[in-house]
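Novice: After the C-alpha cells below, expect a handful of questions from me.
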Amino acid sequence: MEAKYRRVVLKLSGEALAGDQGFGINPAVVEEIAAQIKRVRDHGIDVAIVVGGGNIWRGLAGSAKGMDRTTADYMGMMATVMNALALQDALEKQDVDTRVQSAIEMRQVAEPYIRRRAIRHMEKGRVVIFGAGTGNPYFSTDTTAALRAAEIEADVILMAKKGTDGIYDSDPNKNPNAKRFETLAYIDILKRGLAVMDATATSLCMENKIPIVVFNIDEYANIARASFGEAIGTTVGGEAV
Ligand code: UDP
C-alpha cells in the first residue's frame, strides 16, 4: 500500500498511557502502543511523538489548588518526560531505535531539543519522542504538537484521544444525538468553542495548514490506520467537506 504520509507527528495524551486505570503509566498499554508505532515505522513513515503528561500532573489542576501556575506547569512538563522515557523503553524493547529530545535540558536522560538533529534522527529511521512540551509554562502539549509539526515539516498531526472517536458537535456523553464530524474546518473549532484542543494549538495548525486527524486510541490499531491515511475519526483542515 502506498503510504499517504511521509512524516507524522503522533500526539499521545498522557491518559493514553494510563489505560483504564486512568492514572500513571500502564506498561502493558505502553507496549501495545509501541507495537503500533513500530508497524508505522516499519512502513517507512517518519514518526515523531509528542507525549502529554495529564496521567501524572496538569499545571492547571495544581494552580486551581493554589500553587504558582508556572511551577505547576514545570511539574507538568517533567511529567511528560517520564512518559517519554516509558515510551522509549517500550519501543527499544521492540527493537525500534529512538531518541528522546527534551525542551528542558536534562542531559543525563534526554538530548536537548534540536530541530535539525530531530530531522536527522528520523531520516536514519529513528523514532523521535519530544518531552517537556514547548519548555514554556502556559502552553499545552497539543500546542507542542502543532509547533513541532510545523518545525519538522510533518504532513499531519495524528491526535490520539482516549474515550472518544473524533470531534462531535456536542458532548456525546451528555447528548445521545451528538454527531461526529468526518471533516471539520479549523475555524469551526474556534467558532464553536469545541473542547478538542486549545485555541493556540488550533490557530497554529490553521496558520501553517497542518491537517489534524483526531481518533480513538482505545483501539490501538488506529495508530497505524491513521498513519496509513485511512479516514478514521475526524480530519481537521482548511474547510469541512
Ligand atoms: N505543559 C506546559 N508547557 C508545555 C506543555 C505542557 O506547561 O509546552 C504542562 C502543563 O502544565 C500541562 C502539563 O504540562 O498541563 C501536561 O501537558 P498536557 O496537559 O498537554 O498533557 P495531556 O493532556 O496531553 O496529557
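Heads up, the Cβ atoms here are built off N, Cα and C, so glycines get one too.
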Novice: Looking at TrEMBL, Asp73, Thr134, Gly135, Asn136, Pro137, Tyr138, Phe139, Ser140, Thr141 are annotated for UMP. Which of Gly53, Gly125, Gly163 sits in that same site?
Specialist: Gly53
Novice: In TrEMBL, which of 19-24, 175-180 is labelled region 'Involved in allosteric activation by GTP'?
Specialist: 19-24
Novice: Excluding Gly53, Asp73, Thr134, Gly135, Asn136, Pro137, Tyr138, Phe139, Ser140, Thr141, which residues of the same chain place their Cβ within 8 Å of the centroid of the Cβ atoms of the recorded UMP site?
Specialist: Gly59, Gly76, Met77, Gly133, Thr143, Thr144
Novice: Given Gly53 (UMP binding site) and Ser13 (ATP binding site), what distance in Å do their CA atoms have, once rounded to a whole number?
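Specialist: Computed Cα spacing between Gly53 (UMP binding site) and Ser13 (ATP binding site) is 7 Å.
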Novice: Using C-alpha atoms, which one of the binding-site residues Thr134, Asn136, Ser140 comes nearest to Asp171 (ATP binding site)?
Specialist: Ser140
Novice: Relative to the Cβ of Tyr168 (ATP binding site), which residues of the same chain, six or more apart in sequence, are found under 8 Å away?
Specialist: Ala178, Lys179, Arg180, Phe181
Novice: Measuring Cα to Cα, how many angstrom lie between Gly54 (ATP binding site) and Ser140 (UMP binding site)?
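Specialist: Rounded to the nearest whole number, the Cα-Cα distance is 10 Å.
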